[in-house]
Amino acid sequence: MRKIILASGSPRRKELLELAGVPFEIIVSEVEETIGAYSSPSDIVMSLALQKASAVAENNSDHIVLGADTIVTYESRILGKPSNEAEAKEMLQLLSGKTHEVYTGVAIIAKDKTVTFYERTEVTFWELTEEEIDAYIASKEPLDKAGSYGIQGKGSIFVQHIQGDYYSVVGLPISRLVRELKQFNIDVTHA
């Protein structure tokens, strides 16, 4: 039987696959992510997810490889992972009291088929005080997350409203993924 391989070292993606009962192994993609001239955030996340999955699939062609990528956007500006605490603070100040978009792209590669898709979720933050932002940054939680927050952690207290898939904001639209895996004859709903 073909194995499912997650081409990511993200603990959040690992947890979501485990939560859904998807059997998998992890092989972290070492690909250098490159963003070309793309017209939309959805194109970017699907391309990056495909780059990650393709790099792992090269040496695992008999298996199904999953790649994923998440970005946060606000007014056409892409907010990736902050490079330092000052950048994290700038991002959180930018998002304070506003609605932003989170895009997660997924690529599923097998020998006979490749599927890519994305989910877009709108997230609205409460107005944040400087003290709230500074305390959150001091926790170190935002430093490895796109947009400088983790909706599944302490960053959850900043969220006023969400429209779309919560799990996509965490890093993997698990409900959609499980449905897409059926195209590869993988059905975890009966496991």
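Any Cβ shown, glycine's included, is placed from N, Cα and C.
As recorded in Swiss-Prot, the features of this protein are as follows:
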- Asp69: active site, proton acceptor (ACT_SITE)
- Arg12: site 'Important for substrate specificity' (SITE)
- Thr70: site 'Important for substrate specificity' (SITE)
- Gln152: site 'Important for substrate specificity' (SITE)
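This view paints the features noted in Swiss-Prot onto the structure.
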| residue | record | Cβ within 10 Å |
| --- | --- | --- |
| Arg12 | site 'Important for substrate specificity' | 20 |
| Asp69 | active site, proton acceptor | 27 |
| Thr70 | site 'Important for substrate specificity' | 29 |
| Gln152 | site 'Important for substrate specificity' | 17 |
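The separation of Gln152 (site 'Important for substrate specificity') from Asp69 (active site, proton acceptor), Cα to Cα, is 17 Å.
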